[in-house]
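Asks: Please find one structure pasted underneath; my questions will follow.
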């Protein structure tokens with residue numbers, strides 16, 4: 001699939017990094033000893049998946065194959081399956097490659113509200129632009145609510161995107177209460193009969209309690225205007241983020257009730273493995289991945305491809 | 001910052017200070033230390049060699065036979081941490097009559113533009129005349145962002161229309177403009193780029209070649225995981241970095257990147273960003289950071305902040321008033337605003353040795369937010385008349401109710417504040433009469449009691465039920481101290 005070839009090429013570096021380590025490791029006929037497991041553990045740690053998840057993978061290898069001669073295929077199957085299982089979770093999220101909107105929980109009636117949040121500089125505004133582009137191309141009528149009234153020129157940034165995409169944007173003066181922008185956005189969407197409202201928020205560190213409360217308020221206010229909203233609350237996560245991603249996911253979930261993750265900046269050498277740890281600990285699924293700076297560089301997440309691209313042998 | 005790494009390390013090292021040490025349990029302990037480091041995003045190889053180093057030194061006879069082997073090991077860990085992160089050089093050389101050019105680079109979203117503003121603020125404070133250059137023509141509205149920041153800081157910004165120029169041209173023109181305006185530092189805000197994006201990296205090298213910056217600084221997000229080392233390496237290979245600025249250290253990141261980047265690339269960390277406001281840039285001190293990581297507090301930074309922000313005259317004035325017992329609620333309000341200028345109560349507590357864990361414990365208990373309490377107290381005092389502030393004794397029930405309504409609080413809270421203030425001013429008089437040694441002792445006693453969960457003083461649940469959301473830290477501790485003192489006084493009388 002064209003979509004995935006792009007993802008794969010983005011992850012190629014990752015794969016190369018991991019593969020060189022690992023291919024040397026698991027040679028058929030050799031004995032899988034502690035030194036090899038240790039080296040493999042190192043490889044997993046470099047993906048940022050965290051000590052716990054990588055130990056789980058290593059432990060299952062140790063149990064199954066430890067001290068025996070290596071059958072590379074079987075070892076690979078085992079690793080991939082463990083990771084895929086973690087990423088797929090309880091199976092409630094659907095990633096249908098034919099329908100790029102499948103993981104999104106759409107409203108049965110009226111506009112669907114998607115709240116987007118995350119820490120500073122992860123790529124929220126860019127991800128929103130990509131998502132808006134995605135939705136517009138799928139024939140949806142999109143309204144953007146420029147809720148980042150804090151950072152200098154953030155509203156301008158989103159406005160420029162909206163012009164490029166050709167969708168509507170609701171904006172207010174810098175310093176306005178972001179909840180009121182969100183409300184106005186929902187209001188406007190209802191009036192013009194839009195399908196989707198994307199609510200941008202200012203970047204905030206998850207430890208800033210007052211700002212996290214502000215996020216909670218935005219969510220409440222949205223719910224006041226449109227019942228059942230926000231239908232989706234997406235956390236944008238920087239693929240370079242390390243174990244702090246777990247703290248981000250848990251605290252943003254408390255405030256914004258995250259229903260999914262957009263893993264941005266996967267086009268670098270970072271592996272974004274922390275989503276494995278997050279899925280394991282909190283069950284929040286990845287829904288989309290960002291693989292570049294262009295508008296169409298947003299892709300549907302696929303657990304199989306993610307793991308394959310991460311560990312694929314050839 | 002660094003809480004979790006601190007927590008885990010403290011646990012691991014705590015085992016060393018208890019019980020008998022042998023080579024075996026040192027190795028077990030170091031395995032724990034390694035896990036803590038990995039969970040903190042320290043690079044795998046760095047963590048491994050760190051632990052190997054410490055183990056090698058720790059299992060030596062000299063350590064095990066020494067009087068306090070556990071403390072020796074903690075000492076070794078401290079030294080290794082400092083070695084790992086240091087040494088640093090904070091200077092940005094500005095020669096007279098010459099323009100210093102500082103080039104900022106980094107991945108997207110690391111915080112380059114904001115850091116440019118912070119750096120400009122700092123340099124301006126030091127007497128330089130900086131100019132910001134908007135060389136980020138990539139991200140929509142990046143130029144606007146820098147212009148807004150320049151306005152906030154009061155520093156000129158050089159910019160050109162994104163469509164009609166190239167970053168190299170912008171920088172060159174900016175250099176000329178800066179000369180004309182008489183600026184002596186040029187700060188280039190380059191676009192965020194991936195270290196594997198060849199064309200953009202080439203562009204950066206081009207700027208580097210054309211302008212020959214005196215300093216090439218990498219801006220690095222402290223929350224970065226294992227990849228931090230990769231990108232730092234790539235940028236260093238392209239530009240020969242002079243330093244790293246670590247941003248977003250005010251979150252709960254474990255900051256392993258800080259430990260790895262220096263170790264792997266040899267590029268020192270120069271500054272750290274600790275907040276969104278434009279004055280939240282601090283020089284990086286490996287010793288202080290190591291102390292913070294080991295949970296030993298960072299009094300040096302606290303004192304520095306205090307000196308920078310507090311009004312010395314006013315402080316002296318207040319101390320005099322305390323001595324004379326004339327400290328009023330008004331003075332209390334002033335003192336509180338001064339302290340608040342230094343940062344949030346929570347961030348201050350973390351700098352005081354031993355208090356970091358307390359700040360954490362308070363955070364863990366929902367609703368215990370010292371900063372919120374300070375706000376409430378300020379609201380209450382602001383709702384009092386001048387007379388009431390001077391003579392809190394005159395506040396009767398009806399006045400109390402009025403104050404509560406005016407400040408949006410509960411009459412009981414107002415009552416508590418008054419009670420605490422009364423206790424506090426008495427205690428202050430006593431403290432003011434003590435010499436420095438006695439004061440330190442009193443503070444230490446207070447601390448050990450505070451950290452002891454069985455002590456009567458801080459059984460927090462009980463406290464809360466008694467008086468709800470009120471100033472927890474300052475007031476409560478002082479009140480407790482006063483109680484102790486009274487007790488002692490009573491004993492003495494007997």
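Cβ atoms are placed via backbone N, Cα and C, with glycine included.
The GTP binding site feature in TrEMBL is assigned to A:118, A:119, A:120, A:121, A:122, A:123, A:124, A:125, A:200, A:201, A:202, A:203, A:204. Residues or ranges marked as domain 'SRP54-type proteins GTP-binding' by TrEMBL: A:285-298.
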Asks: GTP site residues A:118, A:119, A:120, A:121, A:122, A:123, A:124, A:125, A:200, A:201, A:202, A:203, A:204: biggest Cα-Cα distance, Å?
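Replies: Farthest Cα pair among residues binding GTP: 13 Å.
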Asks: Starting from the Cβ centroid of A:118, A:119, A:120, A:121, A:122, A:123, A:124, A:125, A:200, A:201, A:202, A:203, A:204, the recorded GTP site, name every other residue in that chain with its Cβ within 8 Å, sequence order please.
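Replies: After dropping the recorded site residues, what remains is A:117, A:148, A:236.
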Asks: Taking DSSP three-state, what's residue A:204 (GTP binding site) in: helix, strand or coil?
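Replies: The residue in question, residue A:204 (GTP binding site), is coil (DSSP, three-state).
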Asks: When C-beta separations to chain B are restricted to under 8 angstroms, which of the binding-site residues A:118, A:200, A:202, A:204 qualify?
Replies: none
Asks: Have a look at the binding-site residues (A:122, A:202) and report the one with the fewest Cβ neighbours inside 10 Å.
Replies: A:202
Asks: Under 8 Å Cβ to Cβ from residue A:204 (GTP binding site), same chain, six or more residues apart: give me those in sequence order, or none if nothing qualifies.
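Replies: Looking at Cβ-Cβ distances below 8 Å from residue A:204 (GTP binding site), excluding near sequence neighbours, one finds A:117, A:119, A:120, A:211, A:212, A:214, A:215.
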Asks: Can you tell me the three-state DSSP label for residue A:124 (GTP binding site)?
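Replies: Going by the DSSP assignment, residue A:124 (GTP binding site) falls within a helical segment, counted as helix.
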Asks: Return the residues near residue A:200 (GTP binding site) by Cβ distance under 8 Å, restricted to its own chain and a separation of at least 6 in sequence.
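Replies: Spatial neighbours, sequence-distant, of residue A:200 (GTP binding site): A:116, A:124, A:125, A:128, A:144, A:145, A:146, A:147, A:148, A:154, A:158.
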Asks: Could you count the residues of the domain 'SRP54-type proteins GTP-binding' (A:285-298) that DSSP puts in helix, in strand and in coil?
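Replies: For that range the per-state counts are 0 helix, 6 strand, 8 coil.
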Asks: Tell me the Cβ contacts of residue A:118 (GTP binding site) under 8 Å, same chain only and six or more apart in sequence, or just say none.
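Replies: When sequence neighbours closer than 6 are ignored, residue A:118 (GTP binding site) has A:124, A:203, A:235, A:236, A:237, A:238, A:248, A:252 within Cβ distance under 8 Å.
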Asks: Inside 10 Å of the Cβ of residue A:120 (GTP binding site), count up the other Cβ atoms and send me the figure.
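Replies: Step by step: centre on the Cβ of residue A:120 (GTP binding site), count other Cβ atoms within 10 Å, giving 22.
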Asks: DSSP secondary structure for residue A:118 (GTP binding site), reduced to helix/strand/coil, please.
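Replies: SS state of residue A:118 (GTP binding site) = coil.
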Asks: Considering every residue in the domain 'SRP54-type proteins GTP-binding' (A:285-298), what is the mean pLDDT value?
Replies: 89
Asks: What's the number of neighbouring CB atoms sitting within 10 A of the CB on residue A:124 (GTP binding site)?
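Replies: 27, counting other Cβ atoms within 10 Å of residue A:124 (GTP binding site).
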